[in-house]
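To keep things clear, I will list the structure first and then write my remarks on it.
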Amino acid sequence: MARGLFFIGILALICASLSLCIAANVRPISDAHRSAALELFAAPIDGSFESLEDTYEALKTFKNLGLESPVDARDKACPVVVQKLGSTSSSLKDLFHALRANSVVGCQIDAKTFTDVASRIQAVVKDTNSLEDLCYSVGSLLLIKDQDSSVILPDANNIFHSIKALSQSDGRWRYNSNSAESSTYAAGLALEALAGIVSLADSEVDQSMIGIVKNDIMKLFDSIESYDDGSLFFDEKHVDTSEYKGPITTTSSVVRGVTAFATVAPGRLNIPGDKILGLAKFFLGIGVPGSSKDLFNQIDSLSLLENNRVSIPLILSLPSTVLSLSSKDQLKVEVNTVFGSAAPPLTVNLVQAFSSASKEASALENQELKFDAENGIHYLDILPLKIDVGKYTLVFEISLHDPEHLNTYATGGRMKTSVFFTGIVKIDKAEIAILDSDVGNVETAKKLDLSEDGVIALSANHLQKLRLSFQLTTPLGHGFKPHQVFLKLKHDTKVEHIFLLESSARQFKIVLDFLGLVEKFYYLSGKYDIELTVGDAAMENSFHRALGHVDLDLPEPPEKAPRPPAQPADPLLKFGPKQEISHIFRAPEKRPPKELSIAFLALTILPLLAFIIALIRLGVNLKNFPSSPVPAGFSILFHAGIGAILLLYLFFWLKFDLFTTLKALGLLGIFLVFMGHRTLSHHASTTAKLKSS
């Protein structure tokens, strides 16, 4: 139990330290994303991706991140692109992905091929009722227009109306006229398709319809969801499991649609800048995704937010959220776009700073950060500000210098972030003493230096008490209460006991009454090592000190006293030398005299000798041995098989075990049966012929 409490305390201290990471701000795109892209989009050895869609997503991600594309990607993708575009059986989806792949690999495709593909799409787009097919058709024509500016979409207003007819009152869209469910992901597809129609129209699209779509976009943003850190995202509400895309894919679809429509629509979209900033925080807050699809959606969406006509989000981030007062660290703040580009001229103000210990009273107010133009960092010297150690919530505000930038950039108003200020905590009046149990008089008292391990030696019996006390003070002279303060007593038998220290004002104190602890100590007398642990994430001089030991004289245990628990074995002992094993073999059985054994062997061999002598005296009769080659061969093999079995018996006697002998005997037996059957059949046939003659 004591060991369990010790590990619980250590885990709690680790969790307190991990709160530094939890409070960390989102950061712009970094080299971690580039490394992940190279790993997740790693092409096979032959340089080809699984599909043209994968090829486009990989190469587009590389381009957005400033990475070089694989050398063989173009050579592997172009034959497939040419085949898809030249085939009359290619679906609208195949044509769309082929044209998208071509936009990043740059295949050599003649103008006639583009013209033929555009004609095929224009012929079917009017009769298309599916939202996805309309998106493929319009997207394909837009990609062809990049190669041939003469491509247009006839009857654009009617197609615009057919897509708008699928919209719902809440800003979401249906996939087709037969679908009862609406989708946020489909809304992104619809907005992207409508933007493409405006770009491809041979005449101006009905402006009233564009205004209605703008209102639909505002309704769609009314359903946006949020996290506590200000991140905003879109997610599906009531869709089938097969159609559910997840927050990353759904939000990415909406970002593509909104930014595409904002590019072609006259005027500006009335989307608040804090919502655009919230979308950027969502994509940056997910860190580095673990799948290639999510990474593509993340990077592609952020690249669109980096340069759009609604609002360009500015990300305020701290290079470090742990600042040391003893090292005189500066509070540094960076303001960049989502890809880390420089922000326009601005000022960063620290509006307020709240301590976790006193959330109502502000420790700092209205501090303007200085700007280091060379490094692009806003900084503030914190030492003169009389900041104490602990966790603080800082409230920042960004002010753009140029008023015209207010409509271009989204700063998000006041932004909160958590910071830890660490420092050296002063340890005073540390003392350990042995007290009388009755009146509490001090028998033995010793001062402690908790900056290093101690070697104190104390002794006590079960009628006495042990008292440990000390004070903790912050650099500004305030009382400090760390996350973990506990005392451990460890017996020579490895039995440990953990005690938590309580605080009163600035003092920590514990009094151990050994009379009430004898049963908890399992009546174990002897030497107990004393260890003290004080730890906190904001305390730079956290420590685990050995203070010395105390010799306890406890009474003898009663008959039914609890026994100390068995201590777990050291896992490293299994690698040490093993105890020598002494085998005791069974005594051999009594054997007959040697002369008797030899006599018995002679009697055993005697029949064999008699058989050999009889053969010599009588001679071998070979007159019935077959004279024809084939029967003679079978007879020779038959007798050889008999000899092989006799030889096998000899090897069994000398070295073979029973299982080896039986396997060999089984094979020889099959061979012997076959050869004996042929030999005896020939002998019987010969005998029958002689009798008949």
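Count begins at 1; order follows the chain as displayed.
Note that Cβ sites are derived from N, Cα and C of the backbone, with glycine treated the same way.
As annotated by TrEMBL, domain 'Ribophorin II N-terminal' applies to 29-306.
Among the features that TrEMBL reports, domain 'Ribophorin II second' is placed at 314-417.
The domain 'Ribophorin II third' annotation in TrEMBL covers 429-552.
Residues or ranges marked as domain 'Ribophorin II C-terminal' in TrEMBL: 585-685.
What TrEMBL lists as signal peptide is 1-23.
Sequence annotations record features per position, and here TrEMBL assigns transmembrane segment to 596-620 (among others).
Annotation comment: TrEMBL describes 632-652 (among others) as transmembrane segment. Remote same-chain partners of the transmembrane segment (632-652), defined as residues 6 or more beyond its termini with a Cβ less than 8 Å from a stretch Cβ, comprise 625-626, 658, 661, 664-665, 668-669, 671-672, 675-676, 678-679, 682.
Remote same-chain residues near the transmembrane segment (658-675) are listed as 634, 637-638, 641-642, 644-645, 648, 651-652 (criterion: CB distance under 8 Å, separation of at least six residues from the stretch ends). Sequence annotations record features per position, and here TrEMBL assigns transmembrane segment to 658-675 (among others).
In the predicted model, the domain 'Ribophorin II N-terminal' (29-306) has a mean pLDDT of 90. Taking every recorded stretch in 29-306, 314-417, 585-685 and counting its Cβ pairs under 8 Å to the domain 'Ribophorin II third' (429-552), the highest total belongs to 314-417.
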